[in-house]
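Participant: Provided herewith is a single structure, encoded as structure tokens, for subsequent inquiry.
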């Protein structure tokens with residue numbers, strides 16, 4: 001017995017020691033253990049992260065990286081994660097070049113050109129909201145300049161991620177949240193979460209990175225100087241190179257006096273200049289190229305990036321715990337969110353600086369540079385509203401209905417046709433005191449009042465009136481711009497209308513400025529070219545199309561007009577058209593970040609999906625009610641689930657079960673009442689029997705006493 005106790009004690013101590021050691025090992029990150037063991041730094045430039053391909057910025061980590069094997073680069077200089085492999089440059093790859101960028105349209109990023117060239121999405125707007133691009137475009141347009149670039153690039157590694165790498169826990173958790181909404185048919189909430197996913201993880205995933213360093217000089221010189229020197233374009237690039245080498249203290253021999261003279265002319269026509277250092281030693285005036293290059297190995301940064309769209313990595317192989325059909329639906333939802341992000345930030349217009357229709361804010365050309373404007377008449381707007389719930393407490397349609405001032409009703413004047421832009425639902429939450437009568441056994445009743453949260457809902461339908469034929473002059477409204485709660489009127493640079501104009505409500509918070517005063521309001525009027533949205537085109541684009549009511553209209557502006565964003569209403573983009581060249585001043589618009597869809601105020605009662613069948617593979621997935629995890633179902637489980645879903649003759653319906661429960665309750669109450677009654681009656685009978693017994697005993701005692709007295713009288717002592 002003592003030997004058994006001793007063995008048990010030794011086993012317990014050993015188990016405690018092993019447990020304590022394992023805890024200590026997991027307290028420190030894996031890469032810290034590798035650093036302590038190998039005495040090497042960790043490679044700082046890694047793929048596997050998210051990437052916003054509009055802004056050229058890194059976002060959240062998508063692929064999981066671990067350091068359990070303490071792997072290193074092939075040259076043994078850096079520690080790399082288990083999922084990463086590197087391709088070192090066997091020779092020093094130092095590249096120096098000089099180029100001229102005549103137009104911002106041909107812009108190429110210095111550090112993310114490869115991923116910007118990825119063609120699966122709207123590649124024309126890739127990188128157009130990066131700080132680098134917006135600076136170049138603004139300086140070229142405002143200063144009427146062209147750009148020269150001289151750069152030295154030192155490539156050290158190409159770093160790639162294993163295609164079989166797993167998704168990070170945070171990214172997978174976000175995908176699971178979206179899939180849960182999809183499986184319960186909560187489409188709006190799933191769309192909202194997918195747009196949040198794009199906000200947090202970007203549009204792409206980086207799969208390859210070039211690690212190294214670069215030193216870049218960027219000059220802006222007057223366009224006239226380049227035009228006067230067409231025969232000497234090489235001299236312009238040479239002058240840019242000479243200027244750069246002077247800055248980095250590179251000694252060179254001046255061979256030609258003409259070159260020196262041309263360089264001075266180059267410097268006199270320079271309007272802006274800057275030098276950027278990516279990696280290597282921080283740049284300072286007078287730094288030598290040799291000193292900068294020697295510091296590259298200790299200061300690596302990403303010099304170029306390549307990758308694939310975010311939704312490409314949402315597949316059944318990476319999400320084995322979800323049914324295949326649900327994963328495909330999840331991928332499509334995320335893809336739609338990414339494409340919506342691109343579409344909202346696409347600004348079509350004229351990109352030719354020499355055209356009178358040039359649109360400074362446009363980032364894609366729509367062919368409007370050569371278009372001639374046609375005068376269109378504006379027939380006004382109106383909005384219909386129907387409230388579905390909550391109308392006894394909250395009147396939603398009072399703030400949503402809008403009559404057309406030309407007719408005094410929700411209609412278009414003669415000669416104009418209504419164009420329905422959008423139909424949407426407006427929701428508002430409110431608290432309401434609700435009282436109900438609650439009874440116990442249908443006898444004991446009381447009134448209970450609760451302050452409950454309810455959602456009032458109303459449907460609104462927005463229309464604008466387009467001329468359907470020839471209309472008389474001055475028959476419509478003057479258009480004076482528009483604004484919303486999140487945007488200003490470009491005509492007034494404020495959330496207001498010009499003098500003499502009134503506001504017309506459209507959608508939930510859009511204000512359209514209009515006027516009937518052709519004498520005083522004409523000087524503020526803007527040539528108007530129609531509305532269009534994600535659900536409706538613009539009938540003014542083609543007169544033949546507008547006359548054919550059966551043909552859908554194109555979602556664009558007529559020739560000579562440029563489109564501008566009116567608002568994004570619950571994920572739907574609404575645009576309006578004004579004369580090209582207007583509303584194009586100021587600064588470039590900032591990126592419009594998601595989410596664009598409004599989440600529901602109160603989720604409806606969700607259907608708890610427990611079974612998903614893939615008809616292509618004849619397999620079915622079952623959701624475990626305890627763990628809420630999906631798994632492939634066994635035949636017995638499938639039959640049981642099908643009985644639950646479809647029902648059979650063995651079970652009871654909800655009404656039958658409720659009736660049976662009520663019947664059993666009443667029967668039990670009756671049994672209890674009878675038992676109480678029987679017990680009371682039994683006690684009463686026992687009491688009466690006891691009294692009778694007492695009385696009979698008393699009577700017997702009296703008779704016996706009389707007999708004894710008589711006997712004593714007959715026999716005196």
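Using the three backbone atoms N, Cα and C, a Cβ is placed for every residue, glycine included.
Dumping what Swiss-Prot says about this protein:
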type     : residues : note
DISULFID : 34-70    : disulfide bond
DISULFID : 350-369  : disulfide bond
DISULFID : 385-397  : disulfide bond
DISULFID : 435-449  : disulfide bond
DISULFID : 439-445  : disulfide bond
DISULFID : 534-572  : disulfide bond
DISULFID : 557-577  : disulfide bond
DOMAIN   : 30-345   : domain 'MACPF'
CARBOHYD : 185      : N-linked glycosylation site
CARBOHYD : 269      : N-linked glycosylation site
CARBOHYD : 375      : N-linked glycosylation site
REGION   : 413-656  : region 'P2'
SIGNAL   : 1-17     : signal peptide
TRANSMEM : 113-120  : transmembrane segment
TRANSMEM : 127-132  : transmembrane segment
TRANSMEM : 235-244  : transmembrane segment
TRANSMEM : 248-256  : transmembrane segment
TRANSMEM : 656-676  : transmembrane segment
Participant: Counting across all protein chains present, how many other Cβ atoms fall within 10 Å of the Cβ of residue 375 (N-linked glycosylation site)?
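Facilitator: Looking across every protein chain shown, the total is 10.
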Participant: Using only C-alpha positions, which one of 385, 435, 445, 572 is spatially nearest residue 369 (disulfide bond)? These are the disulfide-bonded residues in the record.
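Facilitator: Smallest Cα separation from residue 369 (disulfide bond) among 385, 435, 445, 572: 572.
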Participant: Taking only same-chain residues 6+ apart in sequence, whose CB is under 8 Å from that of residue 445 (disulfide bond), what do you get?
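Facilitator: When sequence neighbours closer than 6 are ignored, residue 445 (disulfide bond) has 437, 438, 439 within Cβ distance under 8 Å.
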Participant: Spatially speaking, which of the recorded positions 70, 185, 269, 350, 375 is closest to residue 397 (disulfide bond)? Use C-alpha to C-alpha, please.
Facilitator: 185
Participant: Expressed to the nearest Å, what is the distance separating residue 435 (disulfide bond) and residue 70 (disulfide bond) at their Cα atoms?
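Facilitator: Here the two Cα atoms are 67 Å apart.
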Participant: So if I draw a 10 Å sphere around the Cβ of residue 435 (disulfide bond), how many other Cβ atoms end up inside it?
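Facilitator: Excluding its own Cβ, the number within 10 Å is 8.
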Participant: If you measure residue 577 (disulfide bond) to residue 350 (disulfide bond) at Cα, how many Å is it?
Facilitator: 13
Participant: For the glycosylation sites listed here (185, 269), which one has the lowest count of neighbouring CB atoms within 10 Å of its own CB?
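Facilitator: Lowest Cβ count within 10 Å among the glycosylation sites (185, 269) is 185.
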Participant: Counting only residues 6+ away in sequence within the same chain, which have a CB under 8 Å from the CB of residue 350 (disulfide bond)?
Facilitator: 357, 358, 359, 362, 365, 366, 368, 369, 562, 580
Participant: Below 8 Å Cβ to Cβ and six or more residues apart, same chain only. Which residues does that give for residue 557 (disulfide bond)?
Facilitator: 366, 368, 529, 530, 538, 541, 563, 575, 577
Participant: Within the chain of residue 572 (disulfide bond), which residues six or more apart in sequence place their C-beta under 8 angstroms from its C-beta?
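Facilitator: Residues satisfying the criterion: 422, 424, 533, 534, 535.
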Participant: Any idea what DSSP makes of residue 385 (disulfide bond), helix, strand or coil?
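Facilitator: The residue in question, residue 385 (disulfide bond), is strand (DSSP, three-state).
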Participant: Measure from the Cα of residue 34 (disulfide bond) to the Cα of every one of the recorded positions 185, 269, 375, 449, then give the nearest.
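Facilitator: Going through 185, 269, 375, 449 one by one, the Cα closest to that of residue 34 (disulfide bond) is 185.
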Participant: Using a 10 Å radius around its CB, how many other CB atoms surround residue 369 (disulfide bond)?
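Facilitator: Here the count is 19.
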Participant: With the cut-off set at 10 Å between Cβ atoms, which of these disulfide-bonded residues ends up with the most neighbours? Options: 34, 577.
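Facilitator: The most densely surrounded of these disulfide-bonded residues is 577.
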